[in-house]
Amino acid sequence: MPGITAFPPFPENVPTHPLLVIDYQLVKAGDEEEIDKFWKAATTLGFWYLKNHGADELVDQMFNMGAETMDLPLEEKLKFEQGDDGMSFGYKAPGANATDESGARDTVEFINISQDDALAFPKPVHRTYPSTVNARMAWTIRPFIEHSAEVNLVLMEVLAKRLGFREGLLADKHRLDETSGSETRCIKNPPRPGGISEEKAALGAHTDFGSMTFLHNRLGGLQVMPPGSDNWQYIKPLPGHAVCNLGDAMYIFSGGILKSNLHRVVPAPGAQAAFPRWSLAMFTRPGDSVVLRALTEESPIVADAVKYAQDTSIFESDQTSKEWFARRIKYQRTKNQKGPETWRQSRGTEHRPDAA
Ligand SMILES: O=C(O)CCC(=O)C(=O)O
Ligand SMILES: [Fe+2]
């Protein structure tokens, strides 16, 4: 863990939301009881803890890569900035994204590394990266991305089977040989300076843009707003457990059966606030050409879900994954904010555009 070897425990006196604990090895082996539990998590909150995922060592190395990168001078990091046109890959400086429609700025900095760039390294597919990323591309980043992409795809295939999709349908929508927005992200939030409210969003309320997220963190700060609640609740980090969640693409493909829940990041709670907060995600997203609409022709279960949905517009879009993704990235950039209307253009399936 960069920067910290020991840190205060997660406080007892903050509201937390319990998640189901899913054993990756059992799900992979086809254990029906475990898959029932996984299905419940995926169709209620869309978040779960994942144990036995086999990524811990690679995660530690990825955090080292993140620390080496964030330690570079800002001027150097800015040479690799995402830009304001809707590309996600590269460095994002603190404050470069808005966190709500008032244009409040985020406080996190992060480095996003494209799956395509990592797999094709040293040949750039989308862009080039800082020296600290290049140095670890072959022996830290590529293995982490390959392992994480496999975890996500195995889990997605299990959900696909329950949805009644033919084997390989979701794999076809997430082919490793088609360019996509899939990426890994290492995030640093600075220690909370005195005077900043515990409620100040470090990373604004959002649903994830793609299909599935494999997330690792040590300090608290991640919060969800569970369906039917108006309160933010912390997800308590558990040693050895990843936090996984579904994104908008799976919500749309499944006609709303699978959930993509609203979440945000605030400063680490209690005494943890004095430490920098690091997190690491692998986002699996559909191939660039995949159209984001409910797969009603592939499953009567999905067709039924859409038939009874109150608002079906989100399930009938003709946006490709590439368009959807670029729009969401572009309109959350601070530079592009021209009022609430631009902010709304950054939104996906969030049904609470006022939450922040
Ligand atoms: O840092 C975290 O715990 C979550 C980050 C997140 O939600 C995201 O990057 O989409
Ligand atoms: Fe997220």
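Cβ coordinates are placed from backbone N, Cα and C, and glycine is handled just like the others.
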Exercise for the section: Select from 175-200, 331-356 the stretch of residues annotated by TrEMBL as region 'Disordered'. Expected result: 331-356
Fill in the blank from the handout: Averaging pLDDT over all residues of the domain 'Fe2OG dioxygenase' (180-286) gives 94
Exercise for the section: Tally the residues of the compositional bias 'Polar residues' (337-346) by DSSP class, grouping H, G and I as helix, E and B as strand, and everything else as coil. Expected result: 6 helix, 0 strand, 4 coil
